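Novice: According to Swiss-Prot, the signal peptide annotation covers 1-19, on the basis of sequence analysis. The N-linked glycosylation site feature in Swiss-Prot is assigned to Asn287, Asn475, Asn594, Asn623; the stated evidence is sequence analysis. For His430, His434, the entry in Swiss-Prot reads Zn(2+) binding site. Annotated active site per Swiss-Prot: Glu431, in sequence order.
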Amino acid sequence: MHGLLLAAGLLSLPLHVLAHPQPSTSTSLAGRAGAVDLNEFRIAHRSSYTSHDEMKKLPSIASFRQGTYLEVATELVKQTMPNMEFRLVDDHYVGDSGIGHVRFRQTMHGIDIDNSDFNVNVGKDGKVLSHGNSFYTGPAPSSNPMVKRDFIDPMQALHGVRKALNLPIKADGAHVEDMSEHKVMFKGTSGALSDPTAKLCYMAKEDGSLALTWRVETDIGDNWLLSYMDAKESSKVHNVVDYVAHATFQVYKWGLADPTEGKREIITNPWNLKTSPLTWLSDGHNNYTATRGNNAIAQYNPDGGNDYENNYRPSPKNLKFEYPYSPDMNPPKTYIDASVTELFYTSNICHDLYYMLGFNEKAGNFQVNNRGQGGKGNDFVILNAQDGSGTNNANFATPPDGQPGRMRAYIWTRANPPRDASFEAGTIIHEYTHGLSNRLCGGPANSRCLNALESGGMGEGWGDFYATAVRLKPNDTRKTNYVKGGWVNNSPKGVRMYPYSTDMNVNPLVYTSNNKLNEVHAIGTVWCTMLYEVLWNLIDKHGKNDGPVPIFENGVPNDGKYLAMKIVMDGMAIQPCNPNFVQARDAILDADMNLTKGANKCEIWKGFAKRGLGVGAKFDPKNRTGSTQVPNECK
């Protein structure tokens, strides 16, 4: 997992905008008595698509004036839908394949028609590649409803939705606060995870007419609903969109490093709605039935190419990502559905856990839609399973914030039958952590801060550290040793010089070992060995949470494992560009000072000092000085 520029390898290297809302496959409001069947409120399919071949037959396209992809897209909409009122949706971007994606929302009297959209795809040559259209073409309202305001108020709409859908929301005593001209927020409600909102908008109906509605948004956990209540009649709900899709994944559950540690399970809705509120199968523009969503897009990539959007990915009926797999199956392509599913699952869990620990939108995480939380969006992780560009490895490319990360998981040929890296969670976690460290060190806009030998080595070490911390088992102690990459490499020794261990007889590495090392993975093994010592010092002091997520008390994880993961992550953001071991150690100490007021100073110092990075340690690229000393207050 090499950190040169954008590549890393295991061994070498504001609001939700619904452009084309597609309801989830959920058929009812989850987990409640008297639940309403949401299939009754699905939005009808109205969109058309003009392909590239069809576009070439349209002579008017040739007359388009040259300009930016936004100008070209806007001109197309003007020519295709003359005299229509519309606005540009603020989520346009150019994908890594060079296609400019632009979306427009139709409006009437300045009010959105919420299910009337026009999306334009502009190629690298500046010409329209294709477009989709669901603009409303029926009769327009004769007058602006904002003039007479002869519609129900938003509070009536909220009460109407509560009653019609049997929602567990109480609004007695609630009041309305304006957010914009057509949107309000309800304050003082209970039963929802966030304050409900209502937006005045039109909905194009299946019968060809237009309805003025209040779009009431209610997040009740198992369901996140956009309910379109008729603005003239408070008992009529026209449509409902549920952001929450109920899906099952057959995978090796989080915490199992590889197939030798357990059996596959079927897990329902594995996402965390606090960190992935759109779930893993939606980006706020579309809900998907394949391995694609806000955080990642996973697919089969046998030719090893860079084009991914049209590659194969599993898309099961009823969102049941349940596919057969056994390590004895051969050839690997026979279980590609299971491989893509596993890769998608592990990477999304990484997203959710790292988000909890601080790798959020502002920090430069990987998401298409940042929902107004800061940072730059349009940068999910592209996940290529059984990538044909190599073997016996895996890698991760980390461009600056706003550009997608890319992970390639290869087939390993050191066993018979070959082994698929997607099924070794430790490998995938290591790769994803390259994205974490490269975005945090130097800031989201600079992915060039882990490219010196020692800092590049730490990039490898962080990947091993997080992969190892995640795989700790309930009965593990500081005497437990772990190897890295043992399963994929078909070797009990794994792919590192030594196992990760607190026993100096098992792993003798110290800071001055770096004087004889000139390769990032070897140096990374030294760094992770030090972090493993710190990890167990903190676990011995605070205990170990064996659950899949941390428990915070006043912003601090209440156990040693997640505390170590938190302060190591915070240290990445604190340290300078291209740090050395001494600077990174100090950054972790500073992170603990900031988080706990230095309550763990001695545990951290003792962990580093045991491995020669004590008080007197000094960096010199050719002659590092080691030290086992700790501050006087820690003796």
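Any Cβ shown, glycine's included, is placed from N, Cα and C.
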Novice: Nearest to His434 (Zn(2+) binding site) by Cα distance: which of the glycosylation sites Asn287, Asn594, Asn623 is it?
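Specialist: With Cα distances computed to His434 (Zn(2+) binding site), the winner among Asn287, Asn594, Asn623 is Asn594.
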Novice: Which one of these glycosylation sites, Asn287, Asn594, Asn623, has the sparsest Cβ neighbourhood, judged by other Cβ atoms within 10 angstroms?
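Specialist: Each of the glycosylation sites Asn287, Asn594, Asn623 was scored; lowest Cβ tally within 10 Å is Asn623.
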Novice: On a count of neighbouring CB atoms within 10 A, which of the binding-site residues His430, His434 is highest?
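Specialist: That would be His434, with the highest Cβ count within 10 Å.
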Novice: Roughly how many Å separate the Cα of Glu431 (active site) from that of Asn287 (N-linked glycosylation site), to the nearest whole number?
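Specialist: Taking the Cα atoms only, Glu431 (active site) lies 27 Å from Asn287 (N-linked glycosylation site).
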